């Protein structure tokens, strides 16, 4: 039925098509590839893109997901929605000196919706949305590539025609299965790139809708141009790269709608040719539309600048070492080397890594470095493509090559270090959009080879093999993104010189309780980067727990010497000094930590413990009170206050604090236990018993809970119940201090009672 309809329209093509492309060659003509109706092409692309990444649906929160999602207060219902517009992607205030200035409120809003619908931090829902987004984008690519490769043409009924069904399908498949996209799809924070790409493409398609030609000729819709600008703004509110679509729309307008020859135009401008006004620059409202795009872009950037503030983001040398090089030559050489590596990841996406910083790519410091060859190869290819794009007599070739280069380069510009320093060396996620340009160039190259090849089917099989290899690589790579252990270990072979890789492997092992293995990786991280203060801090923490206090102190002292405002290291140094009984130094370290991080409840808690050891009870209570003010759910601080007040005989105050704590943390069994002890001493036996039983229900294997309940029954005179819980306590912990003595006292008392009754 579809074929009949197509044939029926064929005689009217001359009336229906834009004159601009009537004589252009058909890219599909010499290509041996699948020819499918449009909706079948989209179904195939959707299915294959789904198969590539489906196995990531039940993955964990990994790597940056912790900071952007789990620790981001902007996701929680109690945070006002308005805060999203004043915070960065990680939940920090944009005005803060520590903010990365990554302003993506719409992406954070989708995370918040995910969190609310799931009822908590359950990663499945987050992953499913990412997979759906990539499938949707891949389907849209069929339409986008049909325009970029086949031209923008409409029927006399205003319906857009696909003149490159085979090559647009191939390009969309190349995009859908590219392994470099795994980070965006399988890593939840990649949602920013996916949403940005979605609105980026919608902006482009909206701009194309402005040119549905009516019977009167070359009209365009201002409405759709403005819609395109708005969608570009939405794309930028998902991720910064989104703004580049406005520039690409202008390039598309000039090349496809107005058929401008850029080289010819430049020559006329240089020679002030009077025929310039007939060159197409003023035809069809090009200048007016470009003015609209530029005005819209400038307005969007100004608003973002006002919201973000004037200060640039603060990055460190380990994030992007080339940008801190003193020599302009070294910076330029290394930036270009990074570009060549990005290009290589598009061509051969086999070596993929979650992080490319911290020594993963050593700096090129002289022209004798063999890696200079990569720069030469990159620029040789780029210059060759640019020359063909500008100088070729074939207008079809000029258009496709220029669009391919435009989509390859322009979306990459925000990550290029040309306009501002970025916080990474290479990031696979930032080439999600530039890969559109790669797919255009690859597909065009395939069509040229097909035109020359005698055995076209062999060439088609080779391309099919590339697609199949990419699918398998996507499946493998997305499985590595399912857990931090697999993700971090996969990077060891790709970037063995990356200190952050070893640090993350060590941290993952430490979280699982394997401290011995974690120490090995932390030591390697410090060896690779002797200024890696976070690795020093974590290694010092483990050594402190293993009672290797001397080395722990040395590491933590070095960490705060390298980074004097590292509050966590100051606090941990204070804990070590406290353990070494150097109390004055410990107190000074704690206060230094608080100086650098005003709201630091854990540090106030440890400071309170120090004061308690020194019998400075009032200071201890004040420190713990500060901890609970800053963090009302700080159970340890509440517990220590109750215990200290109990031990010093302030039972009424201890009871008041205990009740206040349980109001804030009603299900904390340790608080129930501490308050039950206080109530027992105050002879409020019934209430004390209820709390003990509730605590035991929550934690039935705590020997002390049974032991202290037994003491309560012992005092209360319920000797049989006391005997039962003494025995339960001793069964759980035969060495429980005091329990055996109390149990023996009870048994003697029971024996005496039996003798009297006998």
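Just so it is clear, glycine is given a Cβ too, placed from its N, Cα and C backbone atoms.
All TrEMBL annotations are machine predictions without curation.
Checked against TrEMBL, the range among 83-103, 104-124, 167-187, 188-208 recorded as transmembrane segment is 188-208. Note on TrEMBL: of 40-57, 58-75, 220-237, 238-255, the range annotated with the feature transmembrane segment is 220-237. Checked against TrEMBL, the range among 7-28, 315-336, 337-358, 403-424 recorded as transmembrane segment is 403-424. Looking at 458-476, 477-495, the stretch flagged in TrEMBL as transmembrane segment turns out to be 458-476. The stretch from 188-208, 220-237, 286-305, 403-424 with the most CB pairs below 8 A to the transmembrane segment (430-449) is 403-424. Here the repeat 'TPR' (499-532) has long-range neighbours at 63, 318, 353, 355, 357-360, 484-485, 488-489, 491-492, 538-539, 542-543, 545-546, 555, 562, meaning same-chain residues at least 6 beyond its ends whose C-beta is under 8 angstroms from one of its own.
Sequence-distant contacts of the transmembrane segment (131-151), counting only residues of its own chain at least 6 positions beyond either end whose CB sits under 8 Å from a CB of the stretch, comprise 18, 20-21, 24, 26-28, 38, 41-42, 45-46, 49-50, 53-54, 56-57, 160, 162-165, 167-169, 171-172, 175-176, 181, 184-185, 191, 194-195, 197-198, 201-202, 204-205, 208, 256, 399-400, 403-404, 407, 436, 439-440, 443-444.
In the repeat 'TPR' (499-532), helix, strand and coil residues by DSSP number 27 helix, 0 strand, 7 coil.
Averaged across the domain 'DUF1736' (311-383), the predicted model reaches a pLDDT of 89.
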